[in-house]
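Features of the protein shown, as given by TrEMBL:
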DOMAIN    13-106  domain 'Pyrroline-5-carboxylate reductase catalytic N-terminal'
BINDING   I17, G18, A19, G20, K21, M22  NADP(+) binding site
BINDING   N64  NADPH binding site
DOMAIN    168-272  domain 'Pyrroline-5-carboxylate reductase dimerisation'
Amino acid sequence: MSAVQPIPADTYKLGFIGAGKMAESIAKGVVKSGVLPASRIQTAHKGARRAAFESIGVSVAEHNNQVVENCDVVIFSVKPQVVKDAILQLRPVLSEKKLLVSVAAGVKLKDLQEWAGHDRFIRVMPNTPSAVGAGASVMSLGAGATQEDGEIIARLFGAVGKTWKADEKLFDAVTGLSGSGPAYIYLVIEALADGAVAAGLPRELALGLASQTVLGAASMATQTGKHPGQLKDDVTSPGGTTIAGVHELEKSGFRGILMNAVVAAAKRSRELSQN
């Protein structure tokens, strides 16, 4: 096999197949952070989604094959059930000069590579907080993707949050944690606010405090480098209010419930990706 032609890091063009919310989030983050100017990004759409991309200066073509022909890096940001057809339709123009990326949940590299006809492919599992620049994205490189390819994609997804690399066999567990996890935390925020309302707080104040408390706790965990158990100990003074609350959570099996949620979602991800 001939040497892979490197993607020109300073001049490459980025294309999106699928003009949905995830594509919009990435495009906006990449432009806002200065990773790429809007003039080097393209997607295709004939309907109402055109405006969302044109408003940030991204050009919108009529057809997907125009996007592939014009771009060096192509991100398939379509729903899992249509990714196969999207790739197969474009296969004639998907040369190995192009770095291909999929964000479709549950669709394996082996299948993506087979449909595209080559293995210069990277699979990324992002999550919805990418929309506000606080995403958690995990990537796995196909056999034909170079380390430099991986760095380019890490920079793109780094514009909408944090990125990690992991073996693809871990992706079901990743889905159970960071993919589905935001929903668990929304339940936590809502429940904390309900508890505060029960204790006498007005709803608006309760929701504001609950959201900011979760954000603050997560920031402490990521920024201090301390183990979460240590951070919990730092807040729980002897015979105080916090340990009384923690005791109630422990009596109800709070940790086990969250562990079970991640395991159940990972199991469901495994079932769906086998279909």
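One-based numbering along the chain as shown.
Just so it is clear, glycine is given a Cβ too, placed from its N, Cα and C backbone atoms.
Locations of recorded TrEMBL features on the structure.
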| residue | record | Cβ within 10 Å |
| --- | --- | --- |
| I17 | NADP(+) binding site | 26 |
| G18 | NADP(+) binding site | 22 |
| A19 | NADP(+) binding site | 25 |
| G20 | NADP(+) binding site | 16 |
| K21 | NADP(+) binding site | 14 |
| M22 | NADP(+) binding site | 23 |
| N64 | NADPH binding site | 23 |
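In this structure, the CA atom of M22 (NADP(+) binding site) is 17 Å away from the CA atom of N64 (NADPH binding site). Counting only the Cα atoms, the space from K21 (NADP(+) binding site) to N64 (NADPH binding site) is about 17 angstrom. The average pLDDT for the domain 'Pyrroline-5-carboxylate reductase dimerisation' (168-272) in the predicted structure is 97. Taking the C-alpha atom of N64 (NADPH binding site) as reference, the shortest distance to any of the binding-site residues I17, G18, G20 belongs to I17. Here the domain 'Pyrroline-5-carboxylate reductase catalytic N-terminal' (13-106) has, by DSSP, the following mix of helix, strand and coil residues: 41 helix, 19 strand, 34 coil.
Across the range of the domain 'Pyrroline-5-carboxylate reductase dimerisation' (168-272), the DSSP-based residue counts are 90 helix, 0 strand, 15 coil.
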